[in-house]
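Everything on this sheet refers to the single structure shown next.
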Amino acid sequence: MAGLGHPAAFGRATHAVVRALPESLGQHALRSAKGEEVDVARAERQHQLYVGVLGSKLGLQVVELPADESLPDCVFVEDVAVVCEETALITRPGAPSRRKEVDMMKEALEKLQLNIVEMKDENATLDGGDVLFTGREFFVGLSKRTNQRGAEILADTFKDYAVSTVPVADGLHLKSFCSMAGPNLIAIGSSESAQKALKIMQQMSDHRYDKLTVPDDIAANCIYLNIPNKGHVLLHRTPEEYPESAKVYEKLKDHMLIPVSMSELEKVDGLLTCCSVLINKKVDS
């Protein structure tokens, strides 16, 4: 039935596509606000630890794409593809400087034999950071980077699921203040704009979600995985970075909790979900 989806399989993943970060990120990555300079060497170490958690610790097959110095934002792979089941939508990122990032991602997803759909419409923009998939439906943030036409193409691509749009007034993306922390659990920041967006999502949906409210909007961006033999796994920001939000995550007794630092990439709007595209490939029987 449309919109119902397959919640039982939510969070399952066999592969993660990531991309190394270029030196050019330090000076040339897009950022919503001027601030501290990125320590690129430290950003690289944090990124390597993140990739290590997905691969070595959790056993996903990691496909690591090389950095491209002409694409300073290319480490943020989430924005260039939305993958659901065996279908991958190659997006048309809202920032023109990021459009060429899709090429290498498309190639990688073709090698994984996914069904590829490309967003060709020049009136459409969509960043994957604006796409929240709950396992039952999609919410798409309408932001500076994602427009209505982009949301319509996503809805056409994933016809089995309901798609609702949510205005994003503050913050770069919808997932700058929310994400899924479990099969039925939305992690949400405490700001007025985050709470307003949650209210809209609740009104749009036929389903009642549980919510996990954290004090810091940025810390509401986490990665939930359902890993065989490990169960519920949650990557969240460290207590050193966001102590009060970490305390909220620590109350999730059914989850294997893995704190991960992202302080350097955060300076250029990078959050945990931004740095991977997670894929659940069916095992050939």
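Here the Cβ of each residue, glycine as well, is placed from N, Cα and C on the backbone.
Pulled from Swiss-Prot:
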ACT_SITE  H173  active site, proton donor
ACT_SITE  C274  active site, nucleophile
BINDING   L30, D73, E78, D79, R98, R145, V268  substrate binding site
BINDING   C274  Zn(2+) binding site
MOD_RES   A2  N-acetylalanine
MOD_RES   C222  S-nitrosocysteine
MOD_RES   C274  S-nitrosocysteine
Residue, out of the recorded positions R98, R145, H173, whose Cβ gathers the largest set of other Cβ atoms within 10 Å: H173
Near-site residues: substrate, ref L30, D73, E78, D79, R98, R145, V268, CB cutoff 8 A to centroid: A29, F76, P93, A95, D127, G129, D269, C274
Sequence-distant neighbours of D73 (substrate binding site) in its chain (C-beta under 8 A, six or more apart): L25, A29, L30, D79, A95, S97, R98, E101, V268
Spatial neighbour of the residue listed as 'active site, nucleophile' that is closest, considering only the recorded positions E78, R145, H173, C222 and their CA atoms: E78
Separation of alpha carbons, H173 (active site, proton donor) and R145 (substrate binding site) (Å): 8
Spatial neighbours of E78 (substrate binding site) that are distant in sequence (at least 6 apart) but have CB under 8 A: G128, G129, T273, C274, C275, S276, V277
C222 (S-nitrosocysteine) to H173 (active site, proton donor) - Cα separation in whole Å: 14
